[in-house]
Each structure stands twice: as C-alpha cells, then as structure tokens.
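Chemist: Below you'll find the structure I mean.
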Amino acid sequence: MSDGIRVVVIGAGMSGLAAAAALCRAGARVRVLEARGRVGGRALTRWLPDGTQLDLGAQWIGPTQDRMYALVAEHGLVTFASAAFGASTLLWGGARRPDPPAPVARVLGVLDEYAAAVDPAAPWEAHEAARWDATTLGCWLRATAGDTDTADYLGRLLAGGLLATGADEVSLLHLLFYLRGAGGTGPLLGMAGGAQQDRIVGGPPALAERMAAGLPPGTLRLGAAVHTIAQDAHGVTVCTGSGRVEGDAVVVALAPALAGRIRYDPPLPPLRDGLTQRMPMGSAWKVHAVYPEPFWRADGRSGVSTSSSGPLTETVDNSTPTSPRGVLTGFSYAGDAAALREMSPARRRECVREAFAAVVGPRAADPIALVEYDWSADEWTRGCFGGVLTPGAWRTYGPRLRTPVGRVHWAGTETATRWAGYLEGAVRAGERAAAEVLAS
Ligand SMILES: Cc1cc2nc3c(=O)[nH]c(=O)nc-3n(C[C@H](O)[C@H](O)[C@H](O)COP(=O)(O)OP(=O)(O)OC[C@H]3O[C@@H](n4cnc5c(N)ncnc54)[C@H](O)[C@@H]3O)c2cc1C
C-alpha cells in the first residue's frame, strides 16, 4: 500500500530518524531535510583530546525505554551504567543534610496518585484537568508542601530537573502528564532503576549516526533548513534555501516552538498555530567539570547531589569507565540558568566551580576543563530539554499536539505519550507519525 508514497521528514533528530527508518522499511520514498550539518539534534557529544566522552545534550536511558534499548542493540552499540559510587549529597540552604524532610516523600506520593488519573494521550480529559491546568506547580507546592523551603526544593527538582522550567511557569497538569508518561516520580528521578540508569558508549549521537547511515543513499540532506511547507489536494512542497522537495505527506519532527517558525501555505489552523505559541522550550544550563580523576569517590561521595538553592540544582558523576578522568556535570534551570547566561564567562565559571566545591569539596574548584553548551542560543534548538505547555493551555490547545493538518503530520518528542521529552519519546513519536502517514 505504501509503495511509492513520497514522504518528506523535517529534522534528523532521533524522532525524524526513527520516522524515516519506519517509512523506508514500509517501502516509502523518503527525503529527510535537516538544518544542521549533523544528525542527532538535541544529542551532541564532544570528546576531549584524551578520549573523555562529554554528552552535552541527551545522555541517559533507563528501564521501560524499550525502543531506545532495542535501537542501541540493533545498531551494534552498548550501554554502560551511570557512575554511582558512595553517598549522594543533599544541600539544604547551603548546608548538608542527610535526608530530605518528610514532606518531600509525602508530596511525591500525592503527585504519583494524581498522575495515575491522567491519560498521557489526553490529559485534558482528566476529571480535575481544569483545576490542575489553571494551577501552577509552584502554587500547588506552596499550598501542599507545608513550608516554603520544601516547596522551593521540590519546585527545583520537578519543574527544573524534569522540565527545565520554573515551578511558576508550568501547570500541575503538565507535570502530571509528564509523570504518567514515564511511570511516576520514582522512575523519573532515579539513577539505577530510573531514567538516569545507563549511558551509551559513544553517546546518543553515535546511535543517530548509525540510524542515518542505515537509510537508503540520498535520503538525508544536511544543511537544509526548511522555511516553507505548502500543501494542496495533490501533495506537499517543502522549501529550503537551496531548493524544494515534493511529496505526498510531510512529517515535521521538531519541537512545536521550532515548527511554529516555519511558514505554512495555507496557514496553520488557529488552534494548531496557537499551540506552537504556547509551548516554549525549557531552559537548562548543563556544565561539565573535568578533573584528573574522580577524587570524590575516595571520600565516599558519589558526586550526585541536589540542592535547594544556588546556581546548580543537581550534579552527577559523569565519568566514564574507559577514561581515568573524573567528570562532574551540573544542571541549572530556568531563572538560575538565565542568571548564569547573563554573567561574564569568567564570573560564570567561578560561580559554577564554587557550586561543585560545595558538593565534593575544595578540589572541585580547580578543574582541568570546564565545558558548557548553551542550547538556548542554538538556532535549531532554542532551549531544552523540550517544549512545555504554558499553564491553562492543555485543555484548549493540547488536542492539537498530534492532530495532523491535512498532509502535515507531527512528530518530535513533545508529541509522545510515553516518555515525552526524552529520547525514547522522540523515537516513539517518530514511529507513531510514520504509522499515521502510512495509514492515511
Ligand atoms: C542538555 C540536554 C539534556 C538532555 N538529557 C536527556 C537525557 O539524559 N535522556 C533523554 O532521553 N533525553 C534527554 N534530553 C532530551 C532529548 O535530547 C530530546 O528529547 C530528544 O533528543 C528530542 O529529539 P527530537 O528528534 O524530537 O528533536 P530534536 O533532537 O530537536 O531534532 C529536531 C531536528 O530538527 C532540526 N531542525 C530544526 N528546525 C529545522 C528546520 N526548519 N528545517 C530542518 N531541520 C530543522 C534540528 O536541527 C534537529 O536536528 C536532553 C536534552 C538536552 C538538550
């Protein structure tokens, strides 16, 4: 049935590549147009001269992310366990604390209970959807957590750590959608047994490159930024700066915020365009500090930390088994990330070094390298980890997230119902969009 169908896929991140692979397997004639000179999108790995692997974008996969593990195996890659030696650190108001205060577990339990009532394919249908969508996570936490410090800490952990946004920038409903699609707070926040369990040798870009190499010759065109998608009764015409490609259908495998920067002819229906205006990208700052060795392990520290204040909400030991170097990676979110971004590079580095030192001691203030990458400044991503619907938007605009517009189909991790925001969600969304095109 699909023989001869011509499909244009826009974007060669994991979602576009998964869509293209599925379409090619079904016999479609596929052209993938990618703006950058590389594949992988929000996955980008840099190598130090000594071979140390630094994953500047996506890095982890974990249990129940079955499509990612299957693709890793299919393409001859292997994973390694995230480093986890010794005790993690909780910084509470700048001081160490053995355990989070009791309300933290109680609030996480309530969120898991609420999330169970949300269908990730239709969050707007939840019985309490109107109330949860009109309430920001921050507002709900302040009313539920019992004290401001706990509310702030949980806001940093959940809105920041999971969505890279501020607790007052996201609705309770959006968080519940996210929790439900991933199986709850346990899988999302956990290292071993959770979403941070494993990494890929060579980094996620190695997988993207192998997926691209598996496509028929001539399928992928790099450096092809799409600026216009036109459609009529006969087909689609997709225009880049250097030419046009015609097809029967198009899969837009981009975050909605970026899909909204493309011109559509005829223009998108108001609710679909409105969705793209209400799903801004999150804002994270991910920074790697490299040391001669992971010295913190000798002190019984894991390098894994969360903090209720300061520029870095979280740190992890990102060293790899094949390099003697120690790598600590820190994450800063929303307003904290914006503040770092506004600093001079020298001041920012000082600030980050101090934050690492607060976790594992003064030796952390003297790394041999400090490597950062600003995804918000990147023209073809403009923020991370992904798009987050603004409070109140789910009920009106959410139903347009996956609904095709004529011959235009929507992929990208944001459209996933399982593991949205993750590599796994990107793959699932790409494969779902491919199936949709083939069935249409
Ligand atoms: C710092 C960071 C850490 C993360 N950590 C993790 C993690 O540990 N685990 C995890 O699972 N996920 C993580 N993520 C999220 C993960 O990277 C994304 O969910 C996933 O890569 C999204 O894939 P995608 O294909 O949907 O979108 P993208 O990767 O954004 O792909 C879209 C592609 O479209 C291209 N493009 C954009 N506009 C145009 C245009 N007009 N014309 C043509 N091409 C265009 C882009 O260049 C890009 O290649 C992280 C992301 C970041 C940035």
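These residue numbers are counts, starting from 1, taken along the chain as shown.
Each residue, glycine too, has its Cβ placed from N, Cα and C.
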Chemist: Name the one residue among S15, S440 that TrEMBL lists for the same FAD site as E34, A35, V226, E414.
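Modeler: According to TrEMBL, the candidate sharing the FAD site with E34, A35, V226, E414 is S15.
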Chemist: Quick one: average pLDDT across the domain 'Amine oxidase' (14-438), no decimals.
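Modeler: Its mean pLDDT is 97.
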Chemist: Could you tell me which of the binding-site residues S15, E34, A35, F331, E414 have their C-beta within a distance under 6 angstroms of some atom of ligand 1?
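Modeler: Within range of ligand 1: S15, E34, A35.
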Chemist: Rounded to the nearest Å, what's the C-alpha distance separating F331 (substrate binding site) and A35 (FAD binding site)? Just drop the number here, would you?
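Modeler: On Cα coordinates alone, these residues lie 27 Å apart.
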Chemist: Would you say which of the binding-site residues E34, A35, F331 has the most Cβ atoms within 10 Å of its own Cβ?
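Modeler: Sorting the candidates by Cβ neighbours within 10 Å, the top entry is E34.
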Chemist: Which residue counts does DSSP give the region 'Disordered' (300-327) for helix, strand and coil?
Modeler: 0 helix, 13 strand, 15 coil
Chemist: Once the DSSP letters are reduced so that anything not helix or strand counts as coil, what is E414 (FAD binding site)?
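Modeler: Assignment for E414 (FAD binding site) reads helix.
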Chemist: Applying a 10 Å Cβ distance cut-off over all chains shown, what neighbour count does S15 (FAD binding site) have?
Modeler: 34
